[in-house]
């Protein structure tokens, strides 16, 4: 069987090569023809000659300086015995200076029918034997005929061939046929098989997909009872949570052909190519059913129709219409399941989400602590670990990270250990990798003493407010070493896997965010641009409290959608604002009030603990980095220690670094 398949593939490749040769021609033959034509044109160039007058020719003839003559209908040409000097008065081209002529000459034959006869007699008298009459030259007439007749025929033939080739392309052949072919990649049985055992931390999602696997294995079990399997499964969730891996695991468990394609690959520069590719993909999948079609990033082609600025007839919408038609056209006996993945289900067209197309929606969220520990176990299978590596502790300190983040963290730890010529990966390597991913790599640069001191006070303000506020996040580490684009970082350990927060906790979060700015005001009586990122995040939280979560007594329990939430410009243009200008003013006033109150409380708390603020700042300037244990030695146990609330996840707040300060991914995910 293997030999047969190899021979078949060889025959197929040979046919493809032959067909390619027929379409495009053999490059060697084309190059040879071009070379021969170029050589013919080069070697057929006439020998250069000097243009003279008939009188000068007559004078040279009398001086017996003519070696050969060729008499034509239009011109007389020949060669001199010696190269003469032609006076300016005799120059046929109007040259004002005497010049030495070339060996060969030519001049226009004078009018008169008997000139040729008379010239031939003169040549015979002077005993010049090398002369002749040249035959008529019809080259010019032939060229004119080719230009007048041949060129229009060539253009007509070219247009005819293009029309014929375009028709072949529409039927699936020709040199453009590759554009209409589906770009989907098929994963064969020889590829690495992914099963549910390779997917960790998503037990609930795997249970939802197990029914799909059962249908692909034994479809008659469901069809016998009149049941129909979902035609489509939509996996939605943040990037890196394992949506593609889950789709491949479904195919691996069911042992069926798996076609994978990205949504953006359907769209090309030619109109209709996307729809043609969709038809080809579904046709191939139906021929090999039962099978799975996986469309990654389906929001690239499945966005809501009519929401953009391009109208309703662009290439993307034609492709979407074809997908909708193909998913409706499945017969009951065709075991073809479409699995799609997106992290923006809110922008998809409603027709794509209705029952009968994507019947089942599966949310693939970030893993819990138990799930993260299982993911760590999967990714450290081939990594030699030290005895001090505690996967449970790593899982507890990486809340909010996805499977892709954890994989990256394990890889960074292995690279760091290899850089130190270690034989195993130790816990310190994982701590380094976690800090690098969450806070950024350390920057080797020397700060001015004034900047370093201001950064220390800023970070101390964040640390101290979180240290004394109940319900805030546990301080894990604070540093004034520049990392990434930040001059300093305060790293927190919030409560584990929390999905909701109270108004009081949000207010405390605002106080902590504004703590760095408040510390600068207390010490320097002014603030710097380093608090830009803190203000952005605090403003976002306060605005959500007012417009989304009904936490403003003045606005009340109402949800207002603001324009910055629209995923793209077209959708915002087509929608109208749901509230008046007066309501917008009230929203702005309430947001400002909440932030002002948080700022005042942060400043009041820091003034009450001014001594601890100075202590933390002094130690930061001395050590540059303090962890939770060292902070406890300096200022006593935090409120979290006293209340026994010590479980959590890692988050960060960036310190001043100017307008370019950034927010870490982990922090931004939690704040949103």
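The backbone N, Cα and C atoms fix where each Cβ goes, and this holds for glycine too.
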With 458, 462 listed by Swiss-Prot as Zn(2+)-binding, which of these, 382, 387, 534, is given for the same site?
534
From 3-23, 24-44, which range did Swiss-Prot mark with transmembrane segment?
24-44
Which range is it, out of 100-120, 121-141, 142-162, that shows up in Swiss-Prot as transmembrane segment?
142-162
How many whole Å apart are the CA atoms of residue 462 (Zn(2+) binding site) and residue 242 (ATP binding site)?
35
What is the nearest of the binding-site residues 242, 243, 244 to residue 458 (Zn(2+) binding site), using the Cα of each?
242
Cα separation, residue 242 (ATP binding site) to residue 459 (active site) (Å, whole number)
36
Determine, using Cα-Cα distances only, which of these binding-site residues is closest to residue 534 (Zn(2+) binding site): 237, 238, 240, 241, 243.
238
Compile a sequence-ordered list of residues in the same chain as residue 242 (ATP binding site), six or more apart from it, whose Cβ lies below 8 A from its Cβ; state 'none' when nothing qualifies.
199, 201, 202, 364, 402, 403, 404
Which one of these binding-site residues has the most other Cβ atoms within 10 Å of its own Cβ: 243, 458, 462?
458
Once the chains shown are all counted, how many other Cβ atoms turn up within 10 Å of the Cβ of residue 244 (ATP binding site)?
17
